[in-house]
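Enquirer: Feature table excerpt (TrEMBL):
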DOMAIN    34-502  domain 'Major facilitator superfamily (MFS) profile'
REGION    1-25  region 'Disordered'
TRANSMEM  37-59  transmembrane segment
TRANSMEM  71-91  transmembrane segment
TRANSMEM  103-120  transmembrane segment
TRANSMEM  132-152  transmembrane segment
TRANSMEM  164-186  transmembrane segment
TRANSMEM  206-228  transmembrane segment
TRANSMEM  264-283  transmembrane segment
TRANSMEM  303-324  transmembrane segment
TRANSMEM  336-355  transmembrane segment
TRANSMEM  473-493  transmembrane segment
Amino acid sequence: MSQFMDSEENTPLLKDDSGSVDSQNDEYKSRWRSIRVMYFTMFLSSVGFTIVITSVWPYLQKIDDSANASFLGWVVAAYSLGQMLASPLFGLWSNHRPRREPLACSIFINVAANIYYVYIYLPTSQNKYHMLMARALVGFGAGNVAVVRSYVAGATSLKERNSAMANISACQALGFILGPALQAGLSFIGEQGVSVKVIDLQLNMYTAPALLAALFGLINVLLVILVLREHQVDDFGRHIRAINYVSEERMDVSQETEGDIDQIAVLTSNILFFIIMFIFAVFETIATPLSMDMFSWTRKDAVLYNGIILSCVGVESILVFLVVKVLSQRIGDRPVLLGGLAIVFCGFFVLLPWGNHYPAIQWADLKNNTVIHETFAPTPVSNSSSEPTGCPAEQTWCQFTPAIHLAQFITADVLIGVGYPACNVMSYTLYSKILGSKPQGVYMGWLTASGSGARTLGPVFVSQVYTILGPRWAFSLICCMVLGAILLLGALYHKLVSFAVRHGRILE
């Protein structure tokens, strides 16, 4: 654990008069109120994303018969592509203007995009492309994650940062829990739901979650406008002038911001974060199609059961965040990151198919319904009790690849639910420490863009590889990627240190 070289520097500089003490107390309270608004913003952003994630695939199948698992990869990737494009822009905006501006703008975009998603069933054709556009716009609005994390990093001292970053990730995980739980609860509305003819709305298990996400967005924007204030502190917790109001040339540069940033450490952090987000994007994308193929779940069953599973993983993640806050203080950030990657590797290794039990083939179900001449080209029946289940015959690997057992699936969920949150929070914490007290909006924007790029490529990768080659190839390649990340972290372990440690202001 880091120790300060000069204990006096760790003590706030207070003047003797009580007015100054009161002013600093007010600043401290205002700073933490604003940080907590950022916690809540991250929570609502996470809810807004996960509340629809388990129903995207069945909704896509319902509104457009031409959509397949490969197109699902593009739909899931569209969210991350939008976020990747928006993150550096919102980050740059937040470096030079009050954070309320990019935050409010991004949340309004998010609300509008969710309303668009609700009505994508209305067009008479090409509905899948409307879903693609809606998810891309929701992702663009979610580009505010970079602003949220850069604000928290800039408003906390080095000593406070581990806890603050863990808290913000815990709030994200809490949203990750509540989103699927709400989706699972709303699944009882059913596929037909109720019609609200006045506004031409079909309120069902697919559209209700998006409407709820839009409502959460309106609450969020009110908090940002009414409560959030600008705060910036150095590594020792002393207030400094925020660059949002003073140009870089005119601002008095604190000693704590002097020195260059280690660009190799920055690049390494971005690569590691890319891999971490890539593997999680694969996990969240493949969960629903995999469970439908391997366990013969219907669309409604897949939404309900995966919602419950993801909610349990979210609860597990919060417990991991609490442990990580303590563990990182004792053994350091880098060992926790390394351990998290090792656990994630185990999670995907467990998912590899084995044995001599094979999944039920979907055409066999249709054969029992006397549709023999269409055995290899089944037509999905969306609103019928004879909805085909099992592994689609057009995925030829279904006939020779062993089934993944439910116990394997749940074990992998548990392991990934431990490893991913540890990797996620340590990545952000290490990155913010590497940057020090310098304005982090653009840098955080690039990190978020790196993660969004991974979440763009991950779903496309897994949907293509899974559809064509099957789970054995898909999960083997992911295991190789995680091993690569472990080797990279080991090779550049000594470079991933905080700005203050690197410049000799703090002893590691």
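Every residue gets a Cβ built from N, Cα and C, even glycine.
Small disclaimer: the values here were computed from a predicted structure and weren't measured.
How buried are these features, and what lies next to them?
Expert: Using a Cβ-Cβ cut-off under 8 Å and counting only residues 6 or more beyond its ends in the same chain, the transmembrane segment (71-91) has close neighbours at 49, 53, 56-57, 60, 102, 105-106, 128, 131-133, 135-147, 150, 281, 284-285, 289, 441-446, 448-449, 451-464.
Within the chain carrying the transmembrane segment (132-152), a Cβ under 8 angstroms from the stretch's Cβ atoms is held by residues 34-35, 38, 41-42, 45, 48-49, 56, 74-76, 78-91, 93-94, 99, 102-103, 106-114, 116-117, 120, 164-165, 168, 217, 428, 432, 439-441, 443-445, 447-449, 452, all 6 or more beyond its ends.
Residues of the same chain lying 6 or more positions beyond the ends of the transmembrane segment (206-228) and with a Cβ under 8 Å from any Cβ of it are 33-34, 37-38, 40-41, 44-45, 47-48, 51-52, 55, 58-59, 62, 99-100, 103-104, 107-108, 110-111, 114-115, 117-118, 121, 141, 179, 182-183, 186, 189, 191, 193.
Long-range contacts of the transmembrane segment (264-283) within the same chain, counting only residues at least 6 positions beyond its ends with a Cβ under 8 Å from a Cβ of the stretch, are 76, 80, 337, 341, 344, 348, 416, 420, 423-424, 427, 430-431, 434-435, 443, 446-447, 450-455, 457-459, 461-462, 474, 478, 481-482, 484-485, 488-489, 492, 495-497.
Counting same-chain residues at least six beyond the ends of the transmembrane segment (336-355), those with a Cβ under 8 angstroms from any Cβ of the stretch are 272, 276, 279, 324, 327-328, 401-405, 408-409, 411-416, 418-423, 426-427, 430, 470-472, 475-476, 478-479, 482-483, 485-486, 489-490.
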Enquirer: Looking only at residues six or more beyond either end of the transmembrane segment (37-59), which have a C-beta under 8 A from one in the stretch?
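Expert: For the transmembrane segment (37-59), the sequence-distant neighbours (Cβ-Cβ under 8 Å, at least 6 residues beyond its ends) are 69, 72, 75-76, 79, 103, 110, 114, 117, 131, 135, 138, 142, 144-145, 148, 151-152, 167-168, 171-176, 178-180, 182-184, 187, 205-206, 209-210, 212-213, 216-217, 219-220, 223-224, 227-228, 284, 287-289, 292, 299-300, 302-303, 306-307, 310.
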Enquirer: In the same chain, which residue numbers or ranges, 6 or more beyond the ends of the transmembrane segment (473-493), come under 8 angstroms Cβ to Cβ?
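Expert: Distant Cβ neighbours of the transmembrane segment (473-493) are 264-265, 268, 271-272, 275-276, 278-279, 282, 286, 334, 337-338, 341-342, 344-345, 348-349, 351-352, 462, 465-466.
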